[in-house]
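A.B. asks: Quick paste of what Swiss-Prot says about this protein:
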BINDING   12, 331, 332  Mn(2+) 1 binding site
BINDING   290, 295, 343  Mn(2+) 2 binding site
């Protein structure tokens with residue numbers, strides 16, 4: 001065991017430029033970090049990410065405000081996704097050695113009437129919208145109708161998701177969760193095979209004051225095989241989940257999980273883990289980048305959130321011990337400067353840091369996100385999974 005604890009922080013949707021297969025997803029030109037940097041110019045400051053080597057990943061095509069560090073304190077590279085989709089589930093499962101190879105169901109024109117009728121019959125409520133929509137726009141446009149009628153707002157996006165929004169004043173949280181659990185049960189198999197069912201509670205009395213609450217809940221497909229988290233847990237190691245990690249893996253392979261209210265809260269919980277004595281893996285997802293800024297195509301808010309994270313990253317670095325390893329990455333892109341409102345197929349950054357390592361080395365372009373999980377397994381002397389190549393020996 002080289003490191004007693006490994007911390008992985010997933011910056012949800014923070015891509016670093018179009019992937020080699022971006023054309024297959026109509027995402028040529030997508031560049032989440034690059035376009036945020038272009039929006040801010042030299043005001044874009046990420047000093048902690050920069051010193052770890054974020055700018056070194058693409059020194060030949062610099063991110064505005066984030067030049068290459070000389071030398072970088074960490075190891076730097078980028079990873080290519082091999083899963084057939086570009087959803088959070090695909091990205092996280094692949095990181096943990098389980099690439100998604102069977103396509104999920106997508107419903108760009110709304111869900112079939114048969115499915116809608118089942119939801120209406122089970123809930124005793126009518127269903128409105130049933131088409132792709134931005135989550136904030138849909139409650140602005142239909143929230144007052146939902147509040148007046150008690151209907152379910154059902155909508156989707158460019159991802160494999162079925163989302164149900166309801167005002168807590170007319171549909172209590174427990175009821176919304178029960179409806180979503182039913183929706184999950186009936187959409188596991190083909191012809192639906194929907195990646196995630198998401199409960200989207202909101203509050204407020206009119207469209208000028210509606211806001212989504214932090215009680216969102218994701219009901220994902222259960223992992224279709226053994227993940228690296230399962231392997232770590234089976235070896236008796238601690239596997240701590242922060243944020244929506246627990247939802248993404250349906251609780252599998254996790255010894256302790258905590259939901260979070262925001263990026264800030266996610267980092268507070270991660271720092272708390274770092275101040276706790278454990279042996280194993282802490283896995284954090286920071287979803288605000290994606291949910292609040294990427295889908296809403298808000299480069300200003302996205303950049304501000306990255307700079308706020310960078311400050312908290314400094315706090316985390318200050319409490320990490322010499323036998324800790326920090327890995328920072330992302331699960332897909334969601335370029336706020338790109339067309340549409342959906343995820344973008346991009347490379348994701350890979351940063352590795354430990355205070356006892358010399359750093360300043362490139363990890364190159366990894367051919368799958370699964371290299372991250374393979375590295376963690378090798379560190380803890382666990383049997384390797386079927387996918388992924390460890391880069392542990394490069395960390396020296």
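Along the chain as shown, the residues are counted starting at 1.
Using N, Cα and C of the backbone, Cβ positions are placed for all residues, glycine too.
Relative to the rest of the structure, where do these features sit?
C.D. replies: Counting every protein chain shown, 24 other Cβ atoms lie within 10 Å of the Cβ of residue 12 (Mn(2+) 1 binding site).
The secondary structure of residue 295 (Mn(2+) 2 binding site), as reduced to three states from DSSP, is coil rather than helix or strand. Sequence-distant neighbours of residue 295 (Mn(2+) 2 binding site): residues of the same chain at least 6 apart with a C-beta under 8 Å from its C-beta are 134, 135, 157, 334, 341, 342.
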A.B. asks: Here are some binding-site residues: 290, 331. Which one has the most Cβ atoms within 10 Å of its Cβ?
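C.D. replies: Counting Cβ neighbours within 10 Å, the top one is 331.
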A.B. asks: Under 8 Å between C-beta atoms and at least six apart in sequence, can you list the same-chain neighbours of residue 332 (Mn(2+) 1 binding site), or say none if there are none?
C.D. replies: 13, 15, 81, 86, 87, 88, 90, 91, 343, 344, 345, 346, 348
A.B. asks: For the C-alpha pair, I'd like the distance in angstrom between residue 331 (Mn(2+) 1 binding site) and residue 290 (Mn(2+) 2 binding site), rounded off.
C.D. replies: 10
A.B. asks: Write down the Cα-Cα distance for residue 290 (Mn(2+) 2 binding site) and residue 12 (Mn(2+) 1 binding site), rounded and given in Å.
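C.D. replies: Rounded to a whole number, the Cα-Cα distance is 6 Å.
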